[in-house]
Every structure is written in C-alpha cells, then in structure tokens.
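Okay, structure first, notes after.
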Amino acid sequence: MPVNLSMTPINKAKAWGVHAVTASGVILALLALLALVDNKPQACLLWLGLALLVDGLDGTLARKYEVKEMLPHFDGSVLDLVIDYLTYVFIPAIFIYRYIPLPEHFELLAVGVILVSSLFCFCNVNMKSTDNYFVGFPAAWNVVAVYFYVLDLHPWVNLATVLVLAALTLTRMKFLHPFRVRQFMPLNIAVTFVWLISSGLLIVQQPADLPILLGLWFAASAYFVGICLWRSAREWFG
C-alpha cells in the first residue's frame with residue numbers, strides 16, 4: 001500500500017496513539033475479569049461491550065493514520081488478535097460457565113467447544129471475504145453472552161446454540177462486519193449503535209419487563225441476521 005502520509009514524528013506519534021487505543025482493550029479485559037471475580041455479571045458485560053466498541057473503531061483509525069506503514073516493525077494485528085481472544089472468547093466463556101444455565105455435566109463441554117472452535121476462527125487466514133464479511137461465525141461469544149443473559153433461555157437451548165454456532169465457524173456462511181463492509185455501511189453502523197445502546201440498557205435493568213426496548217433490540221438483531229442470510233444466499237444461489 002502506498003504511503004500517503006509523510007513519515008514525520010507527529011504522524012508516527014499518531015500511529016502509536018492508535019496502537020494505544022487497541023491496547024486499551026486489555027485494560028477493559030482486566031476490568032471485565034475483575035467484575036467476574038467480584039460476582040458482578042452486569043459490569044462484566046458492560047466492560048466487554050466497551051471493548052467491543054473499541055475493537056470496532058481502532059481498525060478504522062489504523063487505516064486512516066496508515067499505522068502499518070508508519071510503524072512497520074510493530075504488528076498491530078497480532079496485538080488486536082491477542083486482546084480479541086480475551087474479550088470475545090476467553091472472558092465470555094468464563095461468564096457463560098458461571099452465569100448461564102447449561103445442562104448438568106455439560107458445562108465444561110460447552111466452554112471447551114467455545115474455546116477450541118474459536119482458535120480455528122482466529123487462525124483462519126481466510127476468515128474475511130473480499131467484501132470484508134466474516135467467513136464463518138466470527139467467535140463473537142461476547143455478543144452471545146449478552147443474548148443468553150438477557151433472554152434467560154432453557155439450559156438445553158443454550159447448549160444447542162453453542163454447538164450450532166461453533167459448527168458455523170467451519171462454514172462459508174457470511175457474517176457482517178459493520179465497520180468494514182462498504183455496502184450499506186451508514187445503515188450498518190447506525191443499527192450497530194442501536195443494538196449496543198439497547199443491549200447496555202437491557203443489561204443494566206435486568207431483570208425487567210421493557211417491551212419497547214426489547215422490540216428495538218430484537219429489530220436490530222433481526223437486521224443483522226437478515227443481512228447475513230442475504231449475503232450468504234447471494235453466494236449459495238448466485
């Protein structure tokens with residue numbers, strides 16, 4: 001990629017600043033883990049949600065400030081993957097083990113499936129399509145944990161969901177990356193923020209009967225499911 005910015009100390013400092021934004025995710029991971037230790041599930045999910053937002057934005061900043069070209073000796077993608085495994089997979093897996101009902105004697109199996117299947121996702125060099133959709137379920141167990149917590153599903157439904165999503169990791173099904181997919185990007189980002197805000201409010205107010213907020217949350221969720229199925233169907237059926 002050609003370098004459009006000059007290699008000045010200020011531009012290099014900006015690039016390091018972007019890496020600092022990415023690195024802040026490990027502090028958020030620590031806060032989420034400490035919330036688990038302190039038996040504060042809502043705080044844990046909120047810290048993970050903030051980490052999700054940081055992860056969604058740092059890539060945009062990295063491209064804007066040409067971080068890879070400014071600092072070729074420091075691989076921000078490795079930094080990102082390390083933090084993502086903590087905030088998308090490892091801590092959510094512990095959260096699910098501790099707070100989400102699973103069938104008796106199947107708890108460790110479910111968590112093990114989450115951890116191992118996610119390793120494939122993180123090591124898959126073909127995890128992105130040419131139009132920046134994720135190929136296969138992108139190990140977004142932080143998002144899954146929110147659904148489990150808010151919906152309070154039956155233990156067997158939770159286990160089946162874990163197994164199905166883990167299996168989808170190995171498929172060619174497309175999953176939206178709202179900050180990278182160019183098509184419908186403004187709408188994708190708007191719906192993402194609707195989902196994030198409504199999720200945060202539902203987490204804070206659990207358990208609560210909030211039909212309007214739940215309706216908004218489900219509508220945003222339905223949009224994501226719909227666009228993923230639409231993009232996958234385009235490939236399946238030409």
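The backbone N, Cα and C atoms fix where each Cβ goes, glycine too.
Going by Swiss-Prot, these are the annotated features:
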TOPO_DOM  1-16  topological domain 'Cytoplasmic'
TOPO_DOM  38-41  topological domain 'Periplasmic'
TOPO_DOM  63-75  topological domain 'Cytoplasmic'
TOPO_DOM  97-104  topological domain 'Periplasmic'
TOPO_DOM  126-132  topological domain 'Cytoplasmic'
TOPO_DOM  177-183  topological domain 'Cytoplasmic'
TOPO_DOM  205-209  topological domain 'Periplasmic'
TOPO_DOM  231-238  topological domain 'Cytoplasmic'
TRANSMEM  17-37  transmembrane segment
TRANSMEM  42-62  transmembrane segment
TRANSMEM  76-96  transmembrane segment
TRANSMEM  105-125  transmembrane segment
TRANSMEM  133-153  transmembrane segment
TRANSMEM  156-176  transmembrane segment
TRANSMEM  184-204  transmembrane segment
TRANSMEM  210-230  transmembrane segment
Chain residues outside the transmembrane segment (105-125) and at least six past its termini with a C-beta under 8 angstroms from it = 81, 84-85, 88-90, 92-94, 96-97, 135-139, 141, 158-159, 162-163, 166-167, 169-170
The topological domain 'Periplasmic' (38-41): which same-chain residues, six or more beyond its ends, come within Cβ distance under 8 Å?
-> 95, 98-99, 149
Are there residues at least 6 beyond the ends of the topological domain 'Cytoplasmic' (231-238) whose Cβ is under 8 Å from a Cβ of it, and what are they?
-> 133, 172-174, 176
Averaged over the topological domain 'Periplasmic' (205-209), the pLDDT of the predicted model comes to 81
Could you give the residue numbers and ranges of same-chain residues that sit at least 6 residues beyond the topological domain 'Cytoplasmic' (177-183) on either side and whose C-beta is under 8 angstroms from one of its C-beta atoms?
-> 56-57, 59-60, 128, 131-134, 138, 189, 191-192
